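Here the structure comes first, spelled out in C-alpha cells, and everything after it is commentary.
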Amino acid sequence: QNSNVENLPPHVLRLVYKEVSALAADPPEGIKVYPSEEDITELHTSIEGPEGTPFAGGIFRMRLVLGKDFPAVPPKGYFLTKIFHPNVGHKGEICVNVLKRDWKAELGLRHVLLTIKCLLIHPNPESALNEEAGRLLLEDYAEYESRARLLTEIHAMGGPGGTSGAPQDPNDGPQPKKHAGDPTKRAGPSAAAPPAALGNTSSSTSNVAGKKKADKKRALRRL
C-alpha cells in the first residue's frame, strides 16, 4: 500500500531496476541485497557488523524506501534489526548526511549502502538520534561498547530479532538450520538445499518441520 512504483516515471524505474539488479548480482563486501519483484521501490538488505566494532558477528537487516521524488530526493533508510547506535533512532530510522543534505541524484544506492556500513565503524555523535548512545560514545566508551555488543548478541546473531520475518540467506547467520524451508526466503540461482532439508524419509522431514514450528513459537514468545 506504500509502494511508489506507480508514482515513479518509467525511466526512473528502469534505472532503479538496473541498479538493484547489479547490486544483487555484485553486492558490496559484507552486504547482501534482497530485491522484491512486487515493489522495486523498497529494497531489503542485510549488513554484516564490521570487525573491530561492537557489531561484529551480527547480521543487521535494513530497508531503503525510495519516495515518489527519487532520485531528486534521497531514499529513507531504516534498520529492521534492533541496534544500539547514536545515529539510529528507536524506530530504526537512520541519520546520515548522505540521506539528507549531502545527497546527489548521481550517488546511487550502492553509495548509500556503503555509507551506512561505514556509519557502523565511525558513528557520528554530533547528529545523534539515540541521545543515550551518543552520550555514552563520548563519555564512557566501555559502557557504550558493552550496550551495543549486548544488543548485537540478542538481536543480530541468530536470535528472534535477527531472523524473524526476514528474507534471509542460509549463509547469513551462525544458525543456518533456522532457515530450512523458510517460506519468506527467496531462493536465488545459486541457492543450495539447507542441511536440515536433506533428509530422504518422510519421518525426518516431519521431524524437521515440527522442530522448526516449535523454534518459531519460542522465538515469537521472546520478541
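Yeah, the Cβs are placed from backbone N, Cα and C, and that goes for glycine too.
What TrEMBL annotates here:
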- CYS95: active site, glycyl thioester intermediate (ACT_SITE)
- 187-197: compositional bias 'Low complexity' (COMPBIAS)
- 199-208: compositional bias 'Polar residues' (COMPBIAS)
- 210-223: compositional bias 'Basic residues' (COMPBIAS)
- 11-157: domain 'UBC core' (DOMAIN)
- 155-223: region 'Disordered' (REGION)
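In the domain 'UBC core' (11-157), helix, strand and coil residues by DSSP number 59 helix, 25 strand, 63 coil. Summarised as a single figure, the pLDDT of the domain 'UBC core' (11-157) averages 94.
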